[in-house]
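Swiss-Prot has this to say about the protein:
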- PRO6: phosphoserine (MOD_RES)
- CYS17, CYS20, CYS42, CYS45: Zn(2+) 1 binding site (BINDING)
- CYS31, CYS34, HIS55, HIS59: Zn(2+) 2 binding site (BINDING)
- 70-122: domain 'SANT' (DOMAIN)
- LYS132: SUMO2 cross-link (CROSSLNK)
- LYS138: SUMO2 cross-link (CROSSLNK)
- 348-372: region 'Disordered' (REGION)
- 356-443: domain 'SWIRM' (DOMAIN)
Amino acid sequence: MDRLGPFSNDPSDKPPCRGCSSYLMEPYIKCAECGPPPFFLCLQCFTRGFEYKKHQSDHTYEIMTSDFPVLDPSWTAQEEMALLEAVMDCGFGNWQDVANQMCTKTKEECEKHYMKHFINNPLFASTLLNLKQAEEAKTADTAIPFHSTDDPPRPTFDSLLSRDMAGYMPARADFIEEFDNYAEWDLRDIDFVEDDSDILHALKMAVVDIYHSRLKERQRRKKIIRDHGLINLRKFQLMERRYPKEVQDLYETMRRFARIVGPVEHDKFIESHALEFELRREIKRLQEYRTAGITNFCSARTYDHLKKTREEERLKRTMLSEVLQYIQDSSACQQWLRRQADIDSGLSPSIPMASNSGRRSAPPLNLTGLPGTEKLNEKEKELCQMVRLVPGAYLEYKSALLNECNKQGGLRLAQARALIKIDVNKTRKIYDFLIREGYITKG
């Protein structure tokens, strides 16, 4: 007979009988061939030869009981559990009620056995001491330092960064200003009543379907932002800057296709092209060495050092190169001489030198989907597109200039530049636009 003690003397703590679903009372039967999970039977179902699915009445079995001694030869495991439960129910020291609940031991036997094996036993004392020491070792004596995280960023409410992030709330993983933020306005006046005509009912259902499609588009954009990690824009820009200029241009071009492919596939594509660029650059460098007749890296280091020295010497001849460049054009030569005179006198150059190559102007800013676009009129949208200024920033600058103009009774360009800490050319265009449209007056 195999004997195994239960965890508790309460029948509800034991598994139910698979035959009659009653709570098991010791002794009970466990099938040695079925399981997991274990297959338990009470004695009544076992004597009836209960069979269920794969379980057969001729399977080998184990008798589960707790009549074996643990701490004392005269105390069974079942009595040990009954003693502990009685002390927990009746309280320590109330040995008469403990003995009455146990029914098999006197109060003197209960007190003597409990004090000997559970209070004065050095084995239990050392075990409890070790557990206490281990618990104290886990608890730090000093305060746990708290470090704020910037991923995702947590800007202060109503700050410029918070508006640029459309009011992203990290604790809720949601935005204050949603994409298509006023989609719910189309539903505010819709009410389904029983006397609606079929056409009116179909029209209302079409409006609801359109609203559902707009919600799906909103969730799709949120998923793209979450999957590609676009919440932390600063971290995204730092990752982009670690690539060479050529790969950054590819990154900028392929960004619009990121919504089609997954984030992992998009990153693999960019990384593969970055690796290709590095390999091409290394091959070009090795080809340059071979063209110069260099066949080992020791000579290549000397070649690179001499090449760097020649480049520095060439840059020192910049003034002579400028003279040779503008000497054929009298007007350009006069401008260059005035510029050099200003530099020699310690003044900033008053006449900028024209570049032959010409700098390509930046394309107009696309305002589609940017927060605050719906608050602008057509002329303001054109201004934001030309100066490449997001609508939220423009509205903030406009409000600051209007408030200052109302306080002073007018506003000068110098005051506007002091209020708006951005590029002076953009400030001039905003100032001229507000003057031209009559929002502010000159001081």
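Backbone N, Cα and C atoms are what each Cβ position is placed from, and that goes for glycine too.
The Cβ centroid of CYS17, CYS20, CYS42, CYS45 marks the Zn(2+) 1 site; residues of that chain outside this set whose Cβ lies within 8 Å of it are ARG18, GLY19, SER21, SER22, LEU24, LEU41, LEU43, GLN44, PHE46, PHE50, given in sequence order.
With the fewest other Cβ atoms inside 10 Å of its Cβ, the least crowded of the binding-site residues CYS17, CYS20, CYS31, CYS34, CYS42 in this structure is CYS20. Nearest to CYS42 (Zn(2+) 1 binding site) in space, judged by Cα atoms and limited to the binding-site residues CYS31, CYS34, HIS55, HIS59, is CYS31. CYS42 (Zn(2+) 1 binding site) falls outside any helix or strand according to DSSP and counts as coil. Packing around HIS55 (Zn(2+) 2 binding site) is summarised by its Cβ count: 16 other Cβ atoms lie within 10 angstroms of its Cβ, all protein chains included. Same-chain residues that are not part of CYS31, CYS34, HIS55, HIS59 yet have a Cβ within 8 Å of the Cβ center of the Zn(2+) 2 site turn out to be ALA32, GLU33, GLY35, PHE39, LYS54, GLN56, TYR61.
If you average pLDDT over the domain 'SANT' (70-122) in this model, you get 85.
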